[in-house]
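Asks: For reference, TrEMBL lists these features for the protein:
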REGION    19-50  region 'Disordered'
DOMAIN    247-523  domain 'SAM-dependent MTase RsmB/NOP-type'
BINDING   Cys339, Ala340, Ala341, Pro342, Gly343, Gly344, Lys345, Asp363, Asp391, Asp409  S-adenosyl-L-methionine binding site
ACT_SITE  Cys462  active site, nucleophile
Amino acid sequence: MAQVLSLHVFFSAERHKVGPSKPLKRIHNPKTSLSTHRKGPQSPMRKTQKLNLQVSPHRAVSAVRLMRIEMGGAFADLLNEKGKGSGDNEMGYVERTLGFRTKNLDDRDLRLVTDIVGGTIRWRRYLDYLIGSLCHDDKAFRSMEPLLLQILRIGFYEILKLDMPSYAVVDENVRLAKVSLRPGAGNMVNGILRRLVLLKESNSLPLPKLEGDDRAQARALAILYSHPVWMVRRWTKHLGQEKAIKLMMWNNDDPSFSLRANSGKGVTRADLVMQFNMLKVPHEVSLHLDHFVRVKTGLQSIIQAGLLKQGLCAVQDESAGLIVSVVNPQPGDSIVDCCAAPGGKTLYMASQMQGQGMLYAIDINKGRLRILKETAKLHQVDGVITTIPSDLRTFAESCQLKSDKVLLDAPCSGLGVLSKRADLRWNRRLEDLEELKKLQEELLDAASILVKPGGVLVYSTCSIDPEENEERVDAFLLRHPEFRIDPVDRYVPPGFVTKHGFYSSDPVKHSMDGAFAARLIRTL
(Lines of atoms letter the chains of each structure in order from A and count residues from 1; the text may use other names and numbers.)
(Lines give C-alpha, C1' and ligand atoms only; values in the text may rest on other atoms or scores of the structure.)
Protein backbone atom coordinates (compact mmCIF):
# COMPACT_ATOMS: atom_id res chain seq x y z
CA MET A 1 0.00 0.00 0.00
CA ALA A 2 1.23 3.45 -0.79
CA GLN A 3 2.86 5.34 2.04
CA VAL A 4 0.90 8.40 0.97
CA LEU A 5 -2.26 8.77 3.02
CA SER A 6 -5.43 9.57 1.11
CA LEU A 7 -7.34 12.62 2.24
CA HIS A 8 -10.14 10.21 3.01
CA VAL A 9 -7.93 8.15 5.32
CA PHE A 10 -5.94 10.82 7.13
CA PHE A 11 -8.91 13.08 7.66
CA SER A 12 -10.62 10.57 9.87
CA ALA A 13 -13.79 12.61 9.96
CA GLU A 14 -14.23 12.40 6.22
CA ARG A 15 -13.82 8.78 5.11
CA HIS A 16 -17.20 7.31 4.23
CA LYS A 17 -18.11 3.71 4.95
CA VAL A 18 -18.39 2.01 1.63
CA GLY A 19 -18.57 -1.71 1.32
CA PRO A 20 -15.71 -3.81 -0.02
CA SER A 21 -14.78 -3.01 -3.58
CA LYS A 22 -12.24 -4.35 -5.99
CA PRO A 23 -9.21 -2.39 -7.25
CA LEU A 24 -9.74 -0.32 -10.37
CA LYS A 25 -8.37 -2.37 -13.27
CA ARG A 26 -8.40 -2.29 -17.02
CA ILE A 27 -10.93 -4.87 -18.08
CA HIS A 28 -9.41 -5.42 -21.48
CA ASN A 29 -5.86 -6.13 -20.24
CA PRO A 30 -6.00 -7.74 -16.80
CA LYS A 31 -2.45 -9.11 -16.83
CA THR A 32 -0.75 -5.73 -16.83
CA SER A 33 2.27 -5.07 -14.65
CA LEU A 34 3.39 -1.81 -13.11
CA SER A 35 6.80 -2.14 -14.72
CA THR A 36 7.18 -0.56 -18.13
CA HIS A 37 10.27 -2.53 -19.08
CA ARG A 38 10.03 -4.41 -22.34
CA LYS A 39 12.15 -7.06 -23.92
CA GLY A 40 14.48 -5.99 -26.68
CA PRO A 41 16.30 -2.68 -27.25
CA GLN A 42 15.46 0.19 -24.96
CA SER A 43 15.75 3.90 -25.57
CA PRO A 44 19.35 5.06 -25.00
CA MET A 45 17.94 7.87 -22.88
CA ARG A 46 16.21 5.29 -20.69
CA LYS A 47 19.48 3.45 -20.02
CA THR A 48 21.62 6.41 -19.10
CA GLN A 49 19.35 9.17 -17.82
CA LYS A 50 18.66 9.11 -14.05
CA LEU A 51 17.74 12.78 -13.73
CA ASN A 52 15.72 14.18 -16.61
CA LEU A 53 14.96 17.87 -16.33
CA GLN A 54 13.14 17.97 -19.66
CA VAL A 55 10.22 15.76 -18.65
CA SER A 56 7.24 17.45 -17.00
CA PRO A 57 7.28 16.31 -13.34
CA HIS A 58 3.52 16.47 -12.81
CA ARG A 59 2.86 14.36 -15.92
CA ALA A 60 5.43 11.72 -14.98
CA VAL A 61 4.01 11.47 -11.45
CA SER A 62 0.41 11.44 -12.74
CA ALA A 63 1.12 8.64 -15.23
CA VAL A 64 2.80 6.40 -12.63
CA ARG A 65 0.17 7.19 -10.01
CA LEU A 66 -2.66 6.32 -12.39
CA MET A 67 -1.01 2.96 -13.07
CA ARG A 68 -0.65 2.33 -9.32
CA ILE A 69 -4.31 3.21 -8.73
CA GLU A 70 -5.42 0.73 -11.39
CA MET A 71 -3.31 -1.94 -9.69
CA GLY A 72 -4.94 -1.14 -6.35
CA GLY A 73 -1.77 0.28 -4.80
CA ALA A 74 -2.59 3.98 -4.36
CA PHE A 75 -5.32 6.50 -3.67
CA ALA A 76 -6.35 9.32 -5.97
CA ASP A 77 -5.39 12.02 -3.44
CA LEU A 78 -1.83 13.20 -3.03
CA LEU A 79 -1.67 15.16 0.22
CA ASN A 80 -0.28 13.81 3.46
CA GLU A 81 -0.61 14.93 7.05
CA LYS A 82 2.27 17.40 6.74
CA GLY A 83 0.43 19.17 3.95
CA LYS A 84 3.52 19.16 1.75
CA GLY A 85 2.18 16.56 -0.61
CA SER A 86 4.19 13.47 -1.25
CA GLY A 87 6.70 14.71 -3.78
CA ASP A 88 9.61 12.60 -2.53
CA ASN A 89 7.51 9.44 -2.26
CA GLU A 90 5.96 9.96 -5.67
CA MET A 91 9.26 10.71 -7.35
CA GLY A 92 10.61 7.51 -5.85
CA TYR A 93 7.82 5.59 -7.56
CA VAL A 94 8.61 7.38 -10.82
CA GLU A 95 12.27 6.40 -10.59
CA ARG A 96 11.52 2.76 -9.79
CA THR A 97 8.91 2.50 -12.55
CA LEU A 98 10.34 4.64 -15.35
CA GLY A 99 14.04 4.50 -14.55
CA PHE A 100 14.60 8.23 -14.06
CA ARG A 101 13.68 11.19 -11.88
CA THR A 102 12.46 14.60 -12.93
CA LYS A 103 12.86 17.89 -11.09
CA ASN A 104 11.14 18.07 -7.71
CA LEU A 105 7.42 18.72 -7.48
CA ASP A 106 6.43 22.19 -6.30
CA ASP A 107 3.01 23.16 -4.90
CA ARG A 108 1.66 23.94 -8.36
CA ASP A 109 2.78 20.51 -9.59
CA LEU A 110 1.07 18.83 -6.65
CA ARG A 111 -2.19 20.63 -7.41
CA LEU A 112 -1.91 19.62 -11.07
CA VAL A 113 -1.29 15.99 -10.15
CA THR A 114 -4.37 16.01 -7.92
CA ASP A 115 -6.48 17.61 -10.68
CA ILE A 116 -5.17 15.39 -13.46
CA VAL A 117 -5.30 12.10 -11.56
CA GLY A 118 -8.78 12.71 -10.16
CA GLY A 119 -10.13 14.06 -13.43
CA THR A 120 -8.59 11.34 -15.58
CA ILE A 121 -10.13 8.68 -13.35
CA ARG A 122 -13.56 10.32 -13.38
CA TRP A 123 -13.55 10.77 -17.15
CA ARG A 124 -11.93 7.42 -17.93
CA ARG A 125 -14.77 5.94 -19.96
CA TYR A 126 -15.16 9.11 -22.03
CA LEU A 127 -11.41 9.38 -22.63
CA ASP A 128 -11.02 5.70 -23.52
CA TYR A 129 -13.87 5.89 -26.01
CA LEU A 130 -12.18 8.76 -27.82
CA ILE A 131 -8.71 7.18 -27.65
CA GLY A 132 -10.14 3.98 -29.11
CA SER A 133 -11.92 5.92 -31.84
CA LEU A 134 -8.74 7.77 -32.85
CA CYS A 135 -6.64 4.62 -32.81
CA HIS A 136 -8.78 3.25 -35.68
CA ASP A 137 -7.86 -0.22 -34.44
CA ASP A 138 -9.74 -1.71 -31.53
CA LYS A 139 -7.11 -4.42 -31.07
CA ALA A 140 -4.34 -1.84 -30.83
CA PHE A 141 -6.26 0.02 -28.12
CA ARG A 142 -7.12 -3.07 -26.12
CA SER A 143 -3.56 -4.37 -26.16
CA MET A 144 -1.99 -0.98 -25.39
CA GLU A 145 0.65 -1.10 -22.67
CA PRO A 146 -0.42 0.55 -19.40
CA LEU A 147 1.98 3.49 -19.38
CA LEU A 148 1.22 4.46 -22.98
CA LEU A 149 -2.50 4.41 -22.24
CA GLN A 150 -2.06 6.60 -19.16
CA ILE A 151 0.00 9.14 -21.11
CA LEU A 152 -2.73 9.33 -23.75
CA ARG A 153 -5.44 9.66 -21.10
CA ILE A 154 -3.53 12.52 -19.49
CA GLY A 155 -3.07 14.27 -22.83
CA PHE A 156 -6.74 13.87 -23.78
CA TYR A 157 -7.88 15.10 -20.36
CA GLU A 158 -5.59 18.14 -20.46
CA ILE A 159 -6.77 19.12 -23.93
CA LEU A 160 -10.48 18.39 -23.52
CA LYS A 161 -11.22 19.17 -19.88
CA LEU A 162 -8.46 21.47 -18.64
CA ASP A 163 -8.20 23.47 -21.86
CA MET A 164 -4.42 23.60 -21.59
CA PRO A 165 -2.52 24.96 -24.61
CA SER A 166 -2.57 22.09 -27.09
CA TYR A 167 0.98 22.62 -28.36
CA ALA A 168 2.38 22.28 -24.81
CA VAL A 169 0.27 19.20 -24.03
CA VAL A 170 1.35 17.45 -27.22
CA ASP A 171 5.01 18.35 -26.80
CA GLU A 172 5.25 17.35 -23.12
CA ASN A 173 3.38 14.05 -23.42
CA VAL A 174 5.33 13.07 -26.55
CA ARG A 175 8.56 13.71 -24.64
CA LEU A 176 7.35 11.61 -21.69
CA ALA A 177 6.45 8.71 -23.99
CA LYS A 178 9.80 8.83 -25.81
CA VAL A 179 11.88 8.96 -22.63
CA SER A 180 9.91 6.48 -20.55
CA LEU A 181 9.10 4.01 -23.35
CA ARG A 182 10.76 4.47 -26.78
CA PRO A 183 10.76 6.89 -29.72
CA GLY A 184 8.02 4.95 -31.53
CA ALA A 185 5.67 5.40 -28.59
CA GLY A 186 6.29 9.14 -28.71
CA ASN A 187 5.47 9.20 -32.40
CA MET A 188 2.19 7.39 -31.72
CA VAL A 189 1.26 9.85 -28.96
CA ASN A 190 2.13 12.73 -31.26
CA GLY A 191 -0.12 11.47 -34.06
CA ILE A 192 -3.12 10.71 -31.86
CA LEU A 193 -2.96 13.95 -29.85
CA ARG A 194 -2.58 16.08 -32.97
CA ARG A 195 -5.61 14.34 -34.46
CA LEU A 196 -7.54 15.10 -31.28
CA VAL A 197 -6.60 18.78 -31.43
CA LEU A 198 -7.89 19.06 -35.00
CA LEU A 199 -11.17 17.34 -34.10
CA LYS A 200 -11.67 19.57 -31.06
CA GLU A 201 -10.97 22.74 -33.04
CA SER A 202 -13.46 21.69 -35.73
CA ASN A 203 -16.03 20.66 -33.09
CA SER A 204 -16.22 17.18 -34.59
CA LEU A 205 -15.26 14.80 -31.79
CA PRO A 206 -16.54 11.29 -32.62
CA LEU A 207 -18.95 10.99 -29.69
CA PRO A 208 -22.09 8.84 -29.57
CA LYS A 209 -25.50 10.39 -30.17
CA LEU A 210 -28.26 10.22 -27.59
CA GLU A 211 -30.78 8.22 -29.61
CA GLY A 212 -32.46 4.82 -29.84
CA ASP A 213 -34.13 2.80 -27.08
CA ASP A 214 -33.45 3.11 -23.34
CA ARG A 215 -30.51 0.71 -23.46
CA ALA A 216 -28.85 2.55 -26.35
CA GLN A 217 -29.34 5.90 -24.63
CA ALA A 218 -27.92 4.55 -21.37
CA ARG A 219 -24.80 3.34 -23.22
CA ALA A 220 -24.39 6.75 -24.86
CA LEU A 221 -24.88 8.60 -21.56
CA ALA A 222 -22.38 6.29 -19.88
CA ILE A 223 -19.76 7.42 -22.40
CA LEU A 224 -20.72 11.11 -22.51
CA TYR A 225 -20.74 11.44 -18.71
CA SER A 226 -18.25 8.66 -17.92
CA HIS A 227 -20.13 6.33 -15.58
CA PRO A 228 -20.83 2.58 -15.65
CA VAL A 229 -23.87 1.67 -17.75
CA TRP A 230 -25.58 -0.05 -14.83
CA MET A 231 -25.46 3.15 -12.75
CA VAL A 232 -26.87 5.21 -15.62
CA ARG A 233 -29.76 2.78 -16.12
CA ARG A 234 -30.47 2.63 -12.39
CA TRP A 235 -30.48 6.41 -11.91
CA THR A 236 -32.50 7.01 -15.07
CA LYS A 237 -35.09 4.57 -13.72
CA HIS A 238 -35.24 6.08 -10.20
CA LEU A 239 -34.60 9.76 -10.97
CA GLY A 240 -35.42 10.32 -14.63
CA GLN A 241 -32.89 11.12 -17.34
CA GLU A 242 -32.59 14.85 -16.65
CA LYS A 243 -31.77 14.44 -12.96
CA ALA A 244 -29.51 11.46 -13.68
CA ILE A 245 -27.46 13.68 -16.01
CA LYS A 246 -27.23 16.41 -13.35
CA LEU A 247 -26.08 13.83 -10.81
CA MET A 248 -23.34 12.58 -13.14
CA MET A 249 -22.24 16.15 -13.80
CA TRP A 250 -21.98 16.69 -10.04
CA ASN A 251 -19.92 13.51 -9.67
CA ASN A 252 -17.54 14.71 -12.39
CA ASP A 253 -17.03 18.18 -10.94
CA ASP A 254 -14.18 19.06 -8.56
CA PRO A 255 -15.42 18.26 -5.05
CA SER A 256 -15.78 20.81 -2.30
CA PHE A 257 -14.86 19.95 1.29
CA SER A 258 -16.34 20.93 4.61
CA LEU A 259 -14.38 21.36 7.81
CA ARG A 260 -15.85 21.00 11.28
CA ALA A 261 -14.59 23.18 14.13
CA ASN A 262 -13.61 20.91 17.03
CA SER A 263 -15.75 22.09 19.92
CA GLY A 264 -14.11 19.37 22.04
CA LYS A 265 -11.08 21.68 22.14
CA GLY A 266 -13.23 24.76 22.50
CA VAL A 267 -12.79 25.79 18.88
CA THR A 268 -15.74 27.66 17.39
CA ARG A 269 -16.68 28.21 13.77
CA ALA A 270 -15.77 31.88 14.21
CA ASP A 271 -12.25 30.77 15.23
CA LEU A 272 -12.03 28.67 12.09
CA VAL A 273 -13.25 31.50 9.87
CA MET A 274 -10.63 33.81 11.36
CA GLN A 275 -7.90 31.27 10.56
CA PHE A 276 -9.17 30.87 6.98
CA ASN A 277 -9.20 34.64 6.53
CA MET A 278 -5.59 34.83 7.72
CA LEU A 279 -4.67 32.07 5.25
CA LYS A 280 -6.68 33.83 2.51
CA VAL A 281 -8.68 30.65 1.88
CA PRO A 282 -12.08 31.31 0.23
CA HIS A 283 -14.86 29.79 2.30
CA GLU A 284 -18.57 29.75 3.08
CA VAL A 285 -20.16 28.99 6.42
CA SER A 286 -22.62 26.11 6.43
CA LEU A 287 -26.27 27.05 6.15
CA HIS A 288 -27.27 23.94 8.07
CA LEU A 289 -24.71 23.23 10.83
CA ASP A 290 -23.18 25.62 13.35
CA HIS A 291 -19.70 24.05 13.44
CA PHE A 292 -19.09 23.65 9.68
CA VAL A 293 -17.32 25.72 7.03
CA ARG A 294 -17.14 24.80 3.35
CA VAL A 295 -14.09 25.31 1.11
CA LYS A 296 -13.74 24.71 -2.63
CA THR A 297 -10.06 25.59 -2.91
CA GLY A 298 -7.24 26.16 -0.44
CA LEU A 299 -7.41 22.87 1.46
CA GLN A 300 -3.68 22.39 0.97
CA SER A 301 -3.02 25.73 2.70
CA ILE A 302 -5.18 24.66 5.64
CA ILE A 303 -3.23 21.43 6.01
CA GLN A 304 0.12 23.18 5.70
CA ALA A 305 -0.91 25.59 8.46
CA GLY A 306 -1.32 22.58 10.77
CA LEU A 307 -4.98 23.12 11.66
CA LEU A 308 -5.83 19.43 11.26
CA LYS A 309 -2.63 18.13 12.83
CA GLN A 310 -3.35 20.28 15.91
CA GLY A 311 -6.87 18.86 16.17
CA LEU A 312 -8.51 22.27 15.74
CA CYS A 313 -10.79 20.97 12.99
CA ALA A 314 -11.58 17.88 10.94
CA VAL A 315 -12.60 17.35 7.35
CA GLN A 316 -16.19 16.13 7.45
CA ASP A 317 -18.97 16.52 4.92
CA GLU A 318 -22.10 18.31 6.03
CA SER A 319 -24.14 15.27 5.01
CA ALA A 320 -22.30 13.26 7.68
CA GLY A 321 -22.74 16.04 10.21
CA LEU A 322 -26.50 16.00 9.64
CA ILE A 323 -26.56 12.27 10.42
CA VAL A 324 -25.10 13.15 13.83
CA SER A 325 -27.90 15.71 14.17
CA VAL A 326 -30.39 12.87 13.62
CA VAL A 327 -28.73 10.92 16.46
CA ASN A 328 -28.93 14.07 18.63
CA PRO A 329 -26.20 13.16 21.16
CA GLN A 330 -26.61 14.84 24.55
CA PRO A 331 -24.41 15.09 27.65
CA GLY A 332 -24.93 12.00 29.80
CA ASP A 333 -26.12 9.77 26.96
CA SER A 334 -25.04 6.17 26.54
CA ILE A 335 -24.35 5.75 22.80
CA VAL A 336 -23.10 2.89 20.63
CA ASP A 337 -21.48 3.61 17.26
CA CYS A 338 -21.70 0.19 15.66
CA CYS A 339 -19.35 0.49 12.67
CA ALA A 340 -17.32 3.35 14.05
CA ALA A 341 -14.00 3.46 12.21
CA PRO A 342 -12.47 5.64 10.99
CA GLY A 343 -14.48 7.69 13.46
CA GLY A 344 -15.69 10.96 11.97
CA LYS A 345 -19.19 10.67 13.39
CA THR A 346 -17.83 9.16 16.63
CA LEU A 347 -15.65 12.20 17.22
CA TYR A 348 -18.43 14.66 16.37
CA MET A 349 -20.87 12.90 18.70
CA ALA A 350 -18.27 12.84 21.47
CA SER A 351 -17.68 16.58 21.10
CA GLN A 352 -21.41 17.17 21.62
CA MET A 353 -21.44 15.18 24.88
CA GLN A 354 -19.29 17.74 26.71
CA GLY A 355 -17.33 15.13 28.64
CA GLN A 356 -20.45 13.46 30.12
CA GLY A 357 -21.77 10.00 29.27
CA MET A 358 -20.19 7.12 27.35
CA LEU A 359 -19.74 6.40 23.66
CA TYR A 360 -18.86 2.82 22.71
CA ALA A 361 -17.08 2.67 19.35
CA ILE A 362 -17.34 -0.82 17.84
CA ASP A 363 -15.50 -1.87 14.70
CA ILE A 364 -14.10 -5.08 13.26
CA ASN A 365 -10.88 -3.34 12.17
CA LYS A 366 -8.46 -3.04 15.10
CA GLY A 367 -6.00 -0.85 13.23
CA ARG A 368 -8.62 1.72 12.28
CA LEU A 369 -9.94 1.73 15.85
CA ARG A 370 -6.43 2.43 17.10
CA ILE A 371 -6.26 5.47 14.81
CA LEU A 372 -9.69 6.57 16.09
CA LYS A 373 -8.44 6.33 19.67
CA GLU A 374 -5.35 8.42 18.87
CA THR A 375 -7.44 11.03 17.07
CA ALA A 376 -9.87 11.18 20.00
CA LYS A 377 -6.95 12.10 22.29
CA LEU A 378 -5.83 14.77 19.83
CA HIS A 379 -9.38 16.18 19.77
CA GLN A 380 -9.62 15.93 23.57
CA VAL A 381 -12.79 13.84 23.51
CA ASP A 382 -11.24 10.49 24.53
CA GLY A 383 -12.73 10.72 28.02
CA VAL A 384 -16.15 9.57 26.79
CA ILE A 385 -15.01 7.07 24.12
CA THR A 386 -14.42 3.36 24.69
CA THR A 387 -13.24 1.39 21.66
CA ILE A 388 -14.36 -2.22 21.19
CA PRO A 389 -12.69 -4.28 18.44
CA SER A 390 -15.36 -6.79 17.43
CA ASP A 391 -17.72 -7.95 14.73
CA LEU A 392 -20.99 -6.26 15.66
CA ARG A 393 -22.97 -9.43 14.99
CA THR A 394 -20.87 -11.46 17.44
CA PHE A 395 -20.73 -8.66 20.01
CA ALA A 396 -24.49 -8.12 20.06
CA GLU A 397 -25.19 -11.81 20.67
CA SER A 398 -22.89 -12.06 23.68
CA CYS A 399 -23.20 -8.63 25.31
CA GLN A 400 -25.80 -7.35 27.76
CA LEU A 401 -25.11 -3.71 26.87
CA LYS A 402 -28.26 -1.62 26.31
CA SER A 403 -27.89 2.01 25.30
CA ASP A 404 -29.94 5.17 24.92
CA LYS A 405 -28.88 5.65 21.29
CA VAL A 406 -27.33 3.33 18.73
CA LEU A 407 -25.92 4.49 15.40
CA LEU A 408 -25.41 1.98 12.60
CA ASP A 409 -23.56 3.82 9.85
CA ALA A 410 -23.65 0.79 7.62
CA PRO A 411 -21.18 -0.34 4.95
CA CYS A 412 -22.76 0.60 1.64
CA SER A 413 -22.19 1.14 -2.07
CA GLY A 414 -21.02 4.73 -1.57
CA LEU A 415 -23.13 5.94 -4.49
CA GLY A 416 -23.65 9.25 -2.70
CA VAL A 417 -19.93 10.09 -2.49
CA LEU A 418 -18.73 9.51 -6.07
CA SER A 419 -17.66 13.15 -6.36
CA LYS A 420 -15.00 12.65 -3.68
CA ARG A 421 -14.26 8.98 -4.38
CA ALA A 422 -13.09 9.34 -7.98
CA ASP A 423 -12.27 5.65 -8.50
CA LEU A 424 -15.26 4.13 -6.73
CA ARG A 425 -17.59 4.18 -9.74
CA TRP A 426 -15.26 1.81 -11.60
CA ASN A 427 -14.78 -0.53 -8.62
CA ARG A 428 -18.45 -0.97 -7.81
CA ARG A 429 -20.56 -3.65 -9.50
CA LEU A 430 -24.33 -4.10 -9.57
CA GLU A 431 -23.82 -7.49 -7.89
CA ASP A 432 -22.24 -5.71 -4.91
CA LEU A 433 -25.62 -4.24 -3.96
CA GLU A 434 -27.09 -7.67 -3.28
CA GLU A 435 -24.17 -8.62 -1.04
CA LEU A 436 -24.35 -5.30 0.76
CA LYS A 437 -28.09 -5.51 1.35
CA LYS A 438 -27.65 -8.85 3.10
CA LEU A 439 -24.86 -7.44 5.28
CA GLN A 440 -26.91 -4.32 6.09
CA GLU A 441 -29.84 -6.44 7.28
CA GLU A 442 -27.60 -8.60 9.46
CA LEU A 443 -26.00 -5.52 11.02
CA LEU A 444 -29.36 -3.83 11.58
CA ASP A 445 -30.70 -6.88 13.39
CA ALA A 446 -27.57 -6.95 15.57
CA ALA A 447 -27.65 -3.22 16.30
CA SER A 448 -31.29 -3.41 17.39
CA ILE A 449 -30.33 -5.75 20.23
CA LEU A 450 -28.24 -2.98 21.81
CA VAL A 451 -31.12 -0.48 22.06
CA LYS A 452 -32.89 -0.22 25.40
CA PRO A 453 -36.70 0.18 25.56
CA GLY A 454 -37.55 3.76 24.62
CA GLY A 455 -34.10 4.11 23.05
CA VAL A 456 -33.16 5.24 19.55
CA LEU A 457 -31.69 3.30 16.63
CA VAL A 458 -30.33 5.36 13.72
CA TYR A 459 -29.58 3.56 10.47
CA SER A 460 -27.51 5.58 8.00
CA THR A 461 -25.60 5.19 4.73
CA CYS A 462 -23.66 7.36 2.27
CA SER A 463 -25.77 5.94 -0.56
CA ILE A 464 -28.59 7.45 -2.61
CA ASP A 465 -30.01 4.07 -3.63
CA PRO A 466 -33.46 3.28 -2.21
CA GLU A 467 -32.66 -0.43 -1.98
CA GLU A 468 -29.96 0.34 0.57
CA ASN A 469 -32.00 2.99 2.34
CA GLU A 470 -35.81 3.08 2.56
CA GLU A 471 -36.23 -0.54 1.50
CA ARG A 472 -33.82 -1.79 4.17
CA VAL A 473 -35.72 0.16 6.83
CA ASP A 474 -39.09 -1.15 5.61
CA ALA A 475 -37.81 -4.73 5.70
CA PHE A 476 -36.37 -4.20 9.18
CA LEU A 477 -39.67 -2.86 10.54
CA LEU A 478 -41.47 -5.93 9.21
CA ARG A 479 -39.03 -8.14 11.11
CA HIS A 480 -39.06 -5.90 14.21
CA PRO A 481 -42.52 -4.51 14.99
CA GLU A 482 -41.14 -3.34 18.35
CA PHE A 483 -39.59 -0.39 16.49
CA ARG A 484 -41.36 2.59 14.94
CA ILE A 485 -40.24 5.53 12.81
CA ASP A 486 -39.39 8.74 14.66
CA PRO A 487 -39.63 11.55 12.06
CA VAL A 488 -36.40 13.55 11.80
CA ASP A 489 -38.05 16.95 11.26
CA ARG A 490 -37.07 17.99 14.81
CA TYR A 491 -33.39 17.40 14.10
CA VAL A 492 -32.60 18.55 10.54
CA PRO A 493 -33.86 21.37 8.29
CA PRO A 494 -37.14 20.69 6.40
CA GLY A 495 -35.43 20.42 3.01
CA PHE A 496 -33.73 17.21 4.12
CA VAL A 497 -36.85 15.43 5.40
CA THR A 498 -38.51 12.85 3.12
CA LYS A 499 -42.23 12.18 3.00
CA HIS A 500 -41.69 9.13 5.23
CA GLY A 501 -39.85 11.15 7.89
CA PHE A 502 -36.33 10.04 6.97
CA TYR A 503 -33.24 12.22 6.44
CA SER A 504 -31.88 12.38 2.89
CA SER A 505 -29.26 14.67 1.34
CA ASP A 506 -29.24 15.07 -2.42
CA PRO A 507 -25.92 16.00 -4.10
CA VAL A 508 -27.62 18.03 -6.84
CA LYS A 509 -30.20 19.75 -4.63
CA HIS A 510 -28.06 20.36 -1.53
CA SER A 511 -24.53 20.58 -3.02
CA MET A 512 -23.12 18.02 -0.63
CA ASP A 513 -22.60 14.27 -0.53
CA GLY A 514 -25.62 12.02 -0.78
CA ALA A 515 -26.61 10.37 2.50
CA PHE A 516 -29.56 8.78 4.28
CA ALA A 517 -30.66 8.21 7.87
CA ALA A 518 -33.71 6.75 9.56
CA ARG A 519 -34.42 7.37 13.25
CA LEU A 520 -36.28 4.49 14.91
CA ILE A 521 -37.66 4.22 18.47
CA ARG A 522 -37.80 0.93 20.38
CA THR A 523 -41.25 0.80 21.96
CA LEU A 524 -40.81 -2.44 23.92
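Every residue, even glycine, has its Cβ placed from backbone N, Cα and C.
Curation plays no part in TrEMBL annotations; they are all automatic predictions.
Help me picture these features in the structure, burial and contacts included.
Replies: In the predicted model, the domain 'SAM-dependent MTase RsmB/NOP-type' (247-523) has a mean pLDDT of 97.
There are 24 other Cβ atoms within 10 Å of the Cβ belonging to Ala341 (S-adenosyl-L-methionine binding site).
For Cys462 (active site, nucleophile), the number of other Cβ atoms no farther than 10 Å from its own Cβ, over all displayed protein chains, is 29.
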Asks: Over the residue list Cys339, Ala340, Ala341, Pro342, Gly343, Gly344, Lys345, Asp363, Asp391, Asp409, recorded for S-adenosyl-L-methionine, what is the maximum interresidue Cα distance in Å?
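Replies: Per the listed residues, the maximum Cα distance equals 19 Å.
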Asks: So if I measure Cβ to Cβ from Lys345 (S-adenosyl-L-methionine binding site) and keep only same-chain residues at least 6 apart in sequence, which ones fall under 8 Å?
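Replies: For Lys345 (S-adenosyl-L-methionine binding site), the qualifying residues are Ala320, Ile323, Val324, Val327, Asp337, Leu407, Asp409.
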Asks: Out of Cys339, Gly343, which has the highest number of nearby Cβ atoms, where nearby means within 10 Å of its Cβ, if these are the binding-site residues?
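Replies: Per the Cβ count, the most surrounded site is Gly343.
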Asks: Sequence gap of 6 or more, C-beta under 8 Å: which same-chain residues meet both conditions with respect to Asp391 (S-adenosyl-L-methionine binding site)?
Replies: Ile364
Asks: Could you tell me the C-alpha distance between Ala341 (S-adenosyl-L-methionine binding site) and Cys462 (active site, nucleophile) in angstrom, no decimals?
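Replies: Cα to Cα, Ala341 (S-adenosyl-L-methionine binding site) and Cys462 (active site, nucleophile) are separated by 14 Å.
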